[in-house]
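Written below as structure tokens is the structure these notes are about.
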């Protein structure tokens, strides 16, 4: 069994459902410390939702001119996994790593314990071959990416920023591939902006609408306009901004009562062609134009970020091409990731991991043939970046 596969299985065996790290970070710190990494726990959050965070950095020896040339690459990931769902529906126990049909089954197999294992082993191999690199290497790992994401990477980045920590390149190990490891990387993500709209009316008997004011009826024209609005056209890197309703709650449960209010949850996934402030202003303008009596609260989940083709993208593309022969596709589609926090202090952030077809599903799995190539791609990327750090 390869070291990468073995470490992946060891991580899967830890039932690390958000926010419980279940010992994953201790296991990883024990692997990293002998390599010269300074491992620092930056745990955060209340006692009833305590989040485990690990910042682990290996600083290259430097003197004179080398000090100015050295750069830092960070691998970012999460040890937490989503709940298993009904265990009886799994073909094998979700936290017992199981081989079947050329795949490794277990919760977290593809999202994202295989990526973490691949990077750790890639670092081990890189340092064995290059014991005195010009490159600083760091890992940022959290047990709260699948949950609220409040006390995880976000908190660590705030602390690193306060210290003046310099990050040059970041690889997030999210499962970005589609059919084969390396066929797609994410070089950016859309922003996410959520709103909760409460439209107020007057409750009354459904047989006497003249004595009431139905907030559902009042809200529908405004919601129809919002759903039909073209917010922007997108650009070469991002699809157009989208607006979607996720929940509508109104009524008392009785069929003969006009409700006094209706609550609508909605979300923007927005490109760099729009801003959170601009979208908020446009929504308020529509609601005001329709004369609604309403309250609206906003939650900004993350700003969009984009890494244009440059040092990091090219290094990863070269590594993928050398390992697999693939010409990888750059994409910004999909949901958010912790890359949105890291991009605040790191100018180049990409995401690369195994295929994502089974993530969050019953019988989550990763193909065995996708694990070792991922490690090799990470290893080749480290070689490329180390050459750039000393250039």
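Backbone N, Cα and C atoms are what each Cβ position is placed from, and that goes for glycine too.
Zn(2+) 2 binds 146, 360 as Swiss-Prot records it, and from the list 101, 111, 183 the residue named for this site is 111.
Zn(2+) 1 binds 78, 111 as Swiss-Prot records it, and from the list 158, 165, 174 the residue named for this site is 174.
Among the recorded positions 78, 80, 174, the ones whose Cα is located within 10 Å of the Cα of residue 146 (Zn(2+) 2 binding site) are 78, 80.
When secondary structure is read from DSSP and collapsed to three states, residue 145 (active site, proton acceptor) falls in the coil class. The Zn(2+) 2 site, placed at the center of the C-beta atoms of 111, 146, 360, has further neighbours from the same chain whose C-beta lies within 8 angstroms: 81, 82, 108, 112, 359, 364. For residue 80 (active site), the spatially nearest entry among the recorded positions 111, 145, 174, 360 is 145, judged by CA separation. Closest to residue 360 (Zn(2+) 2 binding site) in space, going by CA atoms and restricting to the recorded positions 78, 111, 145, 174, is 111.
Every protein chain considered, the tally of other Cβ atoms within 10 Å of the Cβ of residue 78 (Zn(2+) 1 binding site) stands at 32.
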